[in-house]
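Worksheet for the structure shown next.
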């Protein structure tokens, strides 16, 4: 189940609130310019599927997002527990960073913990199949796929180069809950 846990930066062990209803999650994130919605991920995709398979299966949804929001680049991150670089990728994504452009993720299989650091609060969003999250440019965040990843996410960007992270050098991500496998 998708959820949102909101923490004050001074209390990483205890969330101020935990939300599980789509409307509550979307409203809370929307106050900070973050869009959260549910789309139907109808095509059967399994973690480990190739980028070409995923893009082909979801071409209609991808084209709609690219047209409506001006995204110019699409890629797919598709990982399962057998991926040879899972530890390196997890470590990279767990470092707090930001992008110079919006980042959109549409989860078409599995789950991941997308965590946002906004002012004095941390918003941990458990994203699952059918979840669409759009994070505005400049928002500090990190992503945890767990020790044994099992997810497929379509990522869209305004930048033709795709995923370009500007790491903050902060160690805040290590103080907050991780995705439990």
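Using the three backbone atoms N, Cα and C, a Cβ is placed for every residue, glycine included.
Using a 10 Å Cβ-Cβ cutoff, residue 141 (Ni(2+) binding site) registers 24 neighbours. Annotation source Swiss-Prot lists Ni(2+) binding site at 97, 99, 103, 141, citing sequence analysis.
Look at Swiss-Prot and you will find 97, 99, 103, 141 tagged as Fe(2+) binding site, backed by sequence analysis. The Cβ of residue 103 (Ni(2+) binding site) has 24 neighbouring Cβ atoms from other residues within 10 Å, across all protein chains displayed.
Residues or ranges marked as site 'May play a role in metal incorporation in vivo' in Swiss-Prot (evidence: sequence analysis): 96. DSSP assigns residue 96 (site 'May play a role in metal incorporation in vivo') to coil, not to a helix or a strand. Within 10 Å of the Cβ of residue 96 (site 'May play a role in metal incorporation in vivo') there are 19 other Cβ atoms, across all protein chains.
The Cβ of residue 102 (site 'May play a role in transmitting local conformational changes') lies under 8 Å from the Cβ of 69, 71, 134, 135, 136, 137, 157, 158, each on the same chain and at least six residues away in sequence. What Swiss-Prot lists as site 'May play a role in transmitting local conformational changes' is 102, and the listing cites sequence analysis.
Counting only same-chain residues at least 6 apart in sequence, those with a Cβ under 8 Å from the Cβ of residue 105 (site 'Important to generate the dianion') are 114, 127, 131, 132, 133, 153, 154, 155. Under DSSP, residue 105 (site 'Important to generate the dianion') is assigned to a strand (E or B) in the three-state scheme. Annotation comment: Swiss-Prot describes 105 as site 'Important to generate the dianion', evidence class sequence analysis.
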Next item on the list: Give the three-state DSSP assignment (helix, strand or coil) for residue 141 (Ni(2+) binding site).
Entry: strand
Checklist line | CB-centroid shell, 8 A cutoff, Fe(2+) site 97, 99, 103, 141, site residues removed | finding: 98, 135, 139, 140, 165
Next item on the list: Around the Cβ of residue 97 (Ni(2+) binding site), how many other Cβ atoms lie within 10 Å? Please give the count over every shown protein chain.
Entry: 21
